[in-house]
Amino acid sequence: MGRSPCCEKAHTNKGAWTKEEDQRLINYIRAHGEGCWRSLPKAAGLLRCGKSCRLRWINYLRPDLKRGNFTEEEDEIIIKLHSLLGNKWSLIAGALPGRTDNEIKNYWNTHIKRKLVSRGIDPQTHRSLNSATTTATATPTVNNSCLDFRTSPSNSKNICMPTTDNNNNSSSSTDDTKCNSSTTEESQSLITPPPKEEEKSVPLVDLELSLGLPSQSQCNKSVSLNSSSSGFYDLFRPPAKVAQRMCVCKWTLGLQKGEQFCNCQSFNGFYRYC
């Protein structure tokens with residue numbers, strides 16, 4: 001539901017007011033006062049709507065209206081109030097008796113704007129035009145720069161090395177450690193890993209191959225190795241004691257039991273015929 005019209009507009013006049021209409025409106029208001037603007041046109045004998053009668057009276061027919069041009073004092077008041085209130089022309093008109101809001105608005109758009117521009121002042125912000133242009137050009141354009149740390153060669157780490165004071169043993173525990181900042185490459189070069197136990201226990205394997213039995217020097221080498229690898233080299237060691245000397249000549253030459261041994265020389269538990 002919209003607002004109801006102020007009057008029936010079917011049989012109302014539109015356009016400029018005539019002098020006869022102005023005089024009828026003045027005479028009625030002087031005799032009866034303003035009253036209700038919706039019923040006033042019919043009572044005054046005017047073929048106008050109530051809104052048209054109200055605007056005609058306030059803006060043109062009031063007896064307290066000032067006629068003529070605006071003074072310099074009124075111009076300064078309008079400029080000061082506009083800088084504070086903006087385009088609230090009805091409030092500005094309240095500070096200027098005899099001036100209407102419509103009159104002040106028209107005067108602002110036709111005269112005061114040009115006056116402010118000639119002074120180098122922006123009519124909207126009431127600031128100097130030069131400062132407005134300089135601030136607009138002086139604002140730097142900040143570009144969003146992204147830093148990519150994914151391809152950095154080495155990531156920095158903080159390595160805390162405990163340090164003790166020989167002179168003062170009663171220092172606080174918070175001062176016992178000092179942190180040194182270094183890269184991963186430097187820390188790896190400074191700290192050498194301890195040798196693994198597997199590398200210590202694994203013996204060196206002799207790769208010299210021979211068809212015969214191992215010699216006495218090779219046996220001495222095997223004895224000097226770690227005890228943990230002795231079981232592995234027991235397979236290559238000759239027996240410590242030979243139960244009995246055995247001569248091949250006993251069977252080949254037909255020597256009997258109890259006869260004198262031959263001239264064979266023993267070599268590592270076996271006999272070689274001379």
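Each residue, glycine too, has its Cβ placed from N, Cα and C.
Here Swiss-Prot flags 9-61 as domain 'HTH myb-type 1', drawing on sequence analysis. Assigned with DSSP, the residues of the domain 'HTH myb-type 1' (9-61) fall into helix, strand and coil as follows: 31 helix, 0 strand, 22 coil.
Among the features that Swiss-Prot reports, DNA-binding region is placed at 37-61 (among others), with the record citing sequence analysis.
Feature annotation from Swiss-Prot assigns domain 'HTH myb-type 2' to 62-116.
Positions annotated as DNA-binding region by Swiss-Prot: 89-112 (among others). Confidence for the DNA-binding region (89-112), expressed as mean pLDDT, is 93.
Annotation comment: Swiss-Prot describes 157-201 as region 'Disordered'.
Summarising the annotation, Swiss-Prot assigns compositional bias 'Low complexity' to 163-184.
Taking DSSP states H, G and I as helix and E and B as strand, the DNA-binding region (89-112) has 19 helix, 0 strand, 5 coil.
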